[in-house]
Amino acid sequence: MTEQAITAAQMRAKDQFTINQIGIPSLVLMERASLAVRDAILTHYPAANKIVVVAGQGNNGGDGLAIARLLHVAGRGVAILTIGNSAHASSEHQTQAHICDYYQIPVASDPALLKDADLIIDAIFGIGIDRPVEGAYATVIKQVNAAHAPVVAVDVPSGINTDTGAVMGVAVKADLTVTFSYNKTGLVTDQGQAYAGRVIVADDMGTY
């Protein structure tokens, strides 16, 4: 397992090199990341069958949609709770949403969906957050934390600063975090560890 911890900027640079210089498409990296999260969920939460994926509109949310589809195909009960303005969705997110539509995976915008979940997947922000969480995002994060289900964070718990581990106003308190390619500097701080729970570094992502 890779021991090196890197910053958000370093991770973005590695992603961009892989996509632009090597030529591995972003959607391929997204699929590999999502497969790693799926595998972790099937290993650590094999009985989960009322899974709610909380997905933002960026590529972390796109990961979440791909994870929802992979869990659905694996026979798990899964629904998607969307947050944010879909008009601002990344192109990869839009592609994943189209695929989820094909599989008829339930999609909702009402956080009441969290009440009956037996597992929650946090795919709101990932490594990208650089300002305090506010508004509807803060509300949903608080509702995730108030739910009785365990939480798996995708890459970094939403609301945690990737570089420092600081809580950006409010943050998801995860039981398990699957982070991609390398650990992140914020996740090895005391506060980052407290919010990330157990950290799995999925280091076979094809990112160079």
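Here, residue 1 is simply the first one shown, and the rest follow in order.
From the backbone N, Cα and C atoms, a Cβ is placed for every residue, glycine too.
Sequence annotations record features per position, and here Swiss-Prot assigns domain 'YjeF N-terminal' to 11-208 based on sequence analysis. According to Swiss-Prot, the (6S)-NADPHX binding site annotation covers ASN59, ASN60, GLY61, GLY62, ASP63, GLY126, ILE127, GLY128, ILE129, ASP130, ARG131, PRO132, TYR137, ASP155. Per Swiss-Prot, the feature K(+) binding site maps to ASN60, ASP122, SER158.
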For ASP122 (K(+) binding site), nearby residues of its own chain (Cβ under 8 Å, 6 or more apart in sequence): VAL54, VAL144, VAL151, VAL152, ALA153, VAL154, PRO157, SER158, VAL172, ALA174
Long-range Cβ environment of ASP63 ((6S)-NADPHX binding site), under 8 Å and at least 6 residues apart: MET30, ALA33, SER34, VAL37, ALA123, GLY126, VAL154, ASP155
Those residues of the chain, 6+ apart, with a Cβ under 8 Å from that of GLY61 ((6S)-NADPHX binding site): ALA55, THR82, GLY84, ALA89, SER90, HIS93, ALA123, ILE124
Cα distance (Å, whole number) from ASN60 (K(+) binding site) to TYR137 ((6S)-NADPHX binding site): 14
For the domain 'YjeF N-terminal' (11-208), mean pLDDT (0 to 100): 96
Per DSSP, three-state class assigned to ILE129 ((6S)-NADPHX binding site): coil
DSSP state at ASN60 (K(+) binding site), helix/strand/coil: helix
Long-range Cβ environment of ILE127 ((6S)-NADPHX binding site), under 8 Å and at least 6 residues apart: ALA8, MET11, ARG12, ASN60, ASP155, VAL156, THR162, LYS184
Among ASN59, ASN60, GLY61, GLY62, ASP63, GLY126, ILE127, GLY128, ILE129, ASP130, ARG131, PRO132, TYR137, ASP155, the record's (6S)-NADPHX binders - longest CA distance, Å: 22
Remaining residues near the recorded K(+) site, that is with C-beta within 8 Å of the centroid of the site residues ASN60, ASP122, SER158: VAL54, GLY56, GLY61, GLY64, ALA123, ILE124, PHE125, GLY126, ALA153, VAL154, ASP155, VAL156, PRO157, VAL172
